[in-house]
Amino acid sequence: MKEPLIEISALNRIFQAGEQQVAVLKDIDLKIYPGEMVAIMGTSGSGKSTLMNILGCLDRPSSGSYRISGRETRELDDNELAALRRNHFGFIFQRYHLLSHLDALGNAELAAVYAGVSKSSRRERAHMLLSRLGLEERCEHKPSQLSGGQQQRVSIARALMNGGEVILADEPTGALDTRSGQEVMAVLRELHQQGHTVIIVTHDPLVAAKAERIIEIQDGEIIADRVNPASELETSASSATDAASAAGRKETRGAWLGRFSEAFKMAWVAMTSHRLRTLLTMLGIIIGITAVVSIVAIGEGAKQKVISDINSIGVNTIEIFPGKDWGDERAAAIDTLVAADVEALQAQPFVDSVTPSIVNSQQLRYRNVAVNVNINAVGEQFFRVKGLVVAEGRPLLREDIRTQAQVVVIDSNTRGKLFAAEDDPIGKVILIGASPWTVIGVAEDKSDMFGGGGNLSVWMPYSSATTRLIGRQNFSSIIVRTPDGLSSAVAEQGIIRLLTVRHGVKDFFTFSTDSILKAVEKTTTTLTLLVSSIAVISLIVGGIGVMNIMLVSVTERTREIGIRMAVGARQSDILQQFLIEAVMVCLIGGGIGILLSFGVGALFSLLVQDMQMSFSVTAIVSAVVCSSLIGVLFGFLPARNAARLDPIEALARE
């Protein structure tokens, strides 16, 4: 004896309506055998559609048993039920339920996407099915370009895509004219003859009369189950085998890639169909990413500018001062920094060059011009230590130090005050205090962060200054330049050890540009983090905007979600689709934000001449990662809501 394909016993379906329970199906017992063409007939509200939903695994019974090929559906989880819908059932709906943004081919092959069939195979089969149904010339037409009968035939092709072992037709002719209805019924009869099990749900006795078996349902109970003697249908056993084999096809290895591609395509279509809304959704992300990347670039540019300015006062330099630290009241009485210390330091391997320094202020006169200048009594290596370039004439030489020559190098500011642009200052004699001094060179102006660019400076041999102007032999400080590549900390420790031994006591302290650099880097990093944290708030607000719009999108596309679930989409497929959409919105918004930040950088360079924004790959990659994370975090809730939708309720939405 043939085993039933579908077996229902003592099945009940009860819905909660407020505080009351409504029994829609009551103790249903039913067996349907492979290859049968069955009509379930009843008036509106009789429970026939609810029964069809349970048969198609779109709904679960409240109690009782429902077996498919001997398998109890009550024990199956959501993904296993989706597999049954995908591999065994094909739905034909009264309102067609085609996706408006897909053409006939795309709608027909939808079930195969979730079954993991390769793109080429599903395209070939979809084209074959549509051609068999008389739609060969309409494959690339959207639903809005098809008649009702043509749309219904597309839905039949979709139902057959994965084999369609069981065809569930809900009022298949209800929205069609007489001729189209007859054509659809002819197709269903043909499918039955090919071996498909066809179950038609209808209120129309004329439609039911086309089936070989008629089941009447009223008030949730089966009141009649009879063979239709008027039916003269025959079933092709060979075709039934073909249908079953088609339904049992396994997923290809690249199935996940096909589903991902479909999800990506659907996300893109959803975004482009609401361009303004998508742009407004991106706006918060765009502003946030632009702000973060720009602020980090400004911070990095500012740090580089400050470092450059620090380097302008001496590259890799360590200064030695008398006393224990800044503000030491006894420092003025300490006179141990002398020329012998300079000579000793010069001989050390951790010293590139060294110069003493005594700073004083004097009045300088040339002809009828008198100005106050900073007098810098230094050694011959001063210009190397400080990285200054003598543009005219020559720098100080060791011979000048030895002979206590009354020569000076002036800066470009002093040159501008004393001499006309066309005059040659080299060899001119100026008065500093009451002593005559000969100008031997002009140093290039090297403005720095400490505002030295506007001062007037003069450099002279320390040996001459101590005897003719200052009247003391000890130095205000000694400045050491360390070799490139040598750690300042190593050199600093060597200097401290050497001078402590020479003086017998540590009566000095050191100050290096390295400590300034570290302080600057720490400060700029702190400020960048502070301002970036404010910009991140914009990103969070943008993420909330993405979540809100995605929730709206889920509501708008509820029917689409129901259709996808009906053809076999898993909850994970729906979750993936909406997550991809959220991530795409955020990634594109992040990309636009990065491009805008480059625009901000170009504008910044026009407005601020002495500083450039510095864009780093790390900041840009971080922005992209941040955009993706926002998409995942704020897109998860809407995506989860979409995946948890009840397919029956989703299909009922308009």
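For all residues, glycine too, the Cβ spot is worked out from N, Cα and C.
The feature ATP binding site is assigned by Swiss-Prot to G42, T43, S44, G45, S46, G47, K48, S49. Swiss-Prot lists 6-244 with the feature domain 'ABC transporter', giving sequence analysis as the kind of evidence. Summarising the annotation, Swiss-Prot assigns transmembrane segment to 279-299, 534-554, 584-604, 617-637.
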Averaged over the whole of the domain 'ABC transporter' (6-244), what is the pLDDT?
87
Residues from the same chain, set at least six apart from the ends of the transmembrane segment (617-637), whose C-beta lies under 8 A from its own:
285, 289, 292-293, 296-297, 300, 539-540, 542-544, 546-547, 550-551, 578-579, 581-587, 589-591, 593-594
With Cβ-Cβ distance below 8 Å and at least 6 positions apart along the chain, what are the contacts of G42 (ATP binding site)? List them in sequence order.
K48, H203, E216, I217, Q218
List nothing but the one residue from T43, S44, S46, S49 whose Cβ has the fewest other Cβ atoms within 10 Å; the candidates are the binding-site residues.
S44
Other same-chain residues whose Cβ falls within 8 Å of the Cβ centroid of G42, T43, S44, G45, S46, G47, K48, S49, the recorded ATP site, in sequence order:
H203, I217, Q218
With every protein chain in view, what's the tally of Cβ atoms within 10 Å of the Cβ of G47 (ATP binding site), excluding that atom itself?
23
